Amino acid sequence: MSVTTTTSKPGDQNVKIVTVSPTVKAVAGSLGGVVEACMLQPIDVAKTRLQLDHSGQYKGMVHCIRTIAAQEGVPSLWKGLTPFLGQLTLKYALRMGSNAFFLELMRDQDGKLTQGARLMAGLGAGVSEALLIVTPFEVVKTRLQQQKGTDKALLKYRGPIHTAMTIAREEGVMKLWSGATATTIRQGSNQMSLFWGKALCDGIFFDKHEGDGKVLSPAQSAASGFVAACIGPTLNNPFDVVKTRMQAASKGGPQYSGFFDCLVTIAKTEGIAALWKGLIPRLARTPPGQAIVWSVSDQITGYFERQRRAAEGVSAMWGLRSLSTAAAAQGVVDVAIVGGGMTGAALAACLAANPLTKHLSVALLDKQPPVRMPAITDLPPHADLRVSTLTPASVALLRSVGAWRTLAPAAAPFCDMQVWDSGGEGFVRYDAASVGAYVMGYVVENRLTVAALHQRLSSSSSVQMMMPASIASAHLPPYTPVAQLDGGPLVQLQLEGGVSLQARLLVGADGRSSRVRQWAQIRTVGRDYGQRGVVATLATSWPNQTAFQRFLPTGPVALLPVRGGFSSLVWSCPPEMAARLEALPRHELAAAVTEALTGPPHYPPKPPLGSLLSGILAPARGTRFVEPPQVVDVVGDDPKSFPLTLAHAGRYVRPRVALIGDAAHGIHPLAGQGVNLGFGDVRALAAAIANAVETGQDIGSPAMLEREYEAPQKRVNSAMIAAMDGLKDIFQPQSGPVAGLRSLGLDLINSSPVAKRAILRIAMHGLAPDER
């Protein structure tokens, strides 16, 4: 394989172009030839019969195929397949390999190719294959195809080897090169137009240029190959007719003294139009054949090119190239992530861990310095106030980037979840064992999650942790039709202190007040719940591994296990109540939490349906109500509160911009799904970037980002946001029919193992792929 450096696009500098070796192209071409021969042989038989039809027996290609099938049998349509298969395999190997060889010879010192050089390389490939392979093989194939019937006893030629030996014995070895002049002209002009036309079509239609690493889909390769293959046959069909007549000429048949004699004789005796006989079968056979060959060979060469690019640290497209250390030092990166918190750091770690994206240069920017991961023995005795529940899906993401091993010792598992309502007798209890799992999730301090990710990133050579760093201004590409297709110019970031940074993709992971979202002029919809969430760390009468949540008239109160056998409180309530709770002495707040969880009314809940079933059957473990532990003290930091709001961005992407995590959506904490939705964004965006690298798309293209990231992920997030918002509204009324139906609903779910398992799987793993 060879690597050259050139500029294939305006504004590109020092772009590595990686081309595969002629040998690889030869193998790819031969495999494409095998597929083509097997699929299109009947059309080639029809073409030969039409060109040898002096009397007008056949009324066109379809009539010819039907006649052969009816009179001689369907297998006759595959006459000459063996030499045809051998010819195409060797022909395409020689064609693709020699063209690649001539192209390498004709590149200038910068690795560039002129259009004239492409034409000459194609001509050289066509002449080579005409003299070395095509002419003798087609002489044999033509003699076999002109025979009628399948009874070998009545046929002069009984196979390709027998045919070649018979011709050599009776007519001389040179007869195998009959029509060599016409074949050379035909093949030379064919390949000259084919390779030139294919490169031209790739560039015009799909912005694909040789060696840029962009791999067309099979359909795109087929389209370019089809159009390019129409040019040659239309122009050189007279040479093909002459070639066929001269190759078919045997003793006792029409004889021609040479190429020009054959050409003039056909024109005089049969008319000029006869020189275009068989054009329709050629167009029906050659362009589809080239479409097949290119769809196969492009995939093979693309695979080897991607392997070479990955080995050399070159990404897969002209608009997305891994930048060298020097380029990164000059302030140009592939991905700039604003926000070094959980989602931003997780995205950087995902890109660094994926083999397809690990060579991309990534800058992680945040106003705060990196968070240091302390040793487990150095952790403070009590957990921080800000914690998150991590589902198994989120844990799997952290494990995939190598951060979970560090984080796991500080994570508190919970195996059960119990939800009940002070406005009725209903409750529901979920059990991880019901879905074959050990835990439903883990509660982890946000600071430690960030620290584990930062520790992992500190050893990555492709991620620059620009922390602390503040962005003074940003210039984003305009939202125009052109930018919609190719992403537009790079994002320009001006950092405080005079440092500038350019990025092919800017990711906003900077929270609910996202500056990236403001720069992109993306609006949000949402509402203020008129509540605050009071958080505190609690000591309880016994360590628990259950997530408890009770809905009160003022809002839900939740008790979650955290490390060290303590529990974390999240109490949603009106602002004035939150202020009173924060001001309470610690022992009084502990008593207030116990009262909120275990006080009247309707405690302990006695659902009518559950009571009825318990009178008939012994209740299963997962359907029994379990009393929460008593809160004995408030420990660690003083209680604090934060406002509860709903916000959802109207768009997640713009040209060269993508939003993830709280920058894209913020939800009520009652189900603990906020960070899990953010990690879902990380998975989706990292996969979209990896797919763009692999398939040669621009990672900053909004069309790609919308299709691969925004559309599927927004559906998932919208469903979860609607569910959480609806749940909040459903549990608001504390009396009347709504409260009664709500209580009955909890009771029904708790009594239905199937419904509980379905809800639990969604809570633990998110929506299934087909639901996205």
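A Cβ is built for glycine as well, from the same backbone N, Cα and C atoms used for every other residue.
Residues annotated as repeat 'Solcar' in TrEMBL: 20-105 (among others). Residue counts for the repeat 'Solcar' (20-105) under DSSP (helix as H, G, I; strand as E, B; rest coil) come to 72 helix, 0 strand, 14 coil.
According to DSSP, the secondary structure content of the repeat 'Solcar' (116-204) in residues is 76 helix, 0 strand, 13 coil. Taken from TrEMBL, the feature repeat 'Solcar' applies to 116-204 (among others).
Broken down with DSSP, the repeat 'Solcar' (216-303) shows 72 helix, 0 strand, 16 coil. For 216-303 (among others), the entry in TrEMBL reads repeat 'Solcar'.
Here TrEMBL flags 333-589 (among others) as domain 'FAD-binding'.
Under the heading domain 'FAD-binding', TrEMBL lists 645-697 (among others).
Per-residue pLDDT, averaged over the repeat 'Solcar' (216-303), rounds to 82.
DSSP labels the residues of the domain 'FAD-binding' (645-697) in these numbers: 28 helix, 12 strand, 13 coil.
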